[in-house]
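Record features (TrEMBL):
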TRANSMEM  9-27  transmembrane segment
TRANSMEM  39-57  transmembrane segment
TRANSMEM  64-84  transmembrane segment
TRANSMEM  90-109  transmembrane segment
């Protein structure tokens, strides 16, 4: 389990800030982080919530429903974070872009995590 969590952490630590940065460069009218702190704070919050949810929710709801729930949470968090940082400009379509892109990133990791959870469940006493 520890190896799975560490790999998930490393994956999210690279992909979440990277995808958010890329989206802010490609769609500046929908998703503009006014400061590096805003971008990193949102990334860190999504990483922490994602790590906890992947271990708790993924086994209960399966890959597809857990990914959908995660994507919707990402939309809400990214969109509402714009209210906390007035120099940022995050529109609802920008939040939806972030949720969709990071949802796809999450789906890839969810497949690995779920397979690993099932493998460990089979081999546990």
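Including glycine, each Cβ sits where the backbone N, Cα and C put it.
Because TrEMBL annotations are produced automatically, they should be read as predictions rather than curated entries.
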Quiz item: Among 9-27, 39-57, 90-109, which stretch has the highest count of C-beta pairs below 8 Å with the transmembrane segment (64-84)?
Solution: 90-109
Quiz item: Same-chain Cβ contacts of the transmembrane segment (39-57) under 8 Å, 6 or more residues past its ends?
Solution: 1, 5, 8-9, 12-13, 16-17, 20-21, 24, 33, 66, 69-70, 73-74, 77-78, 81, 102, 106, 109-110, 113
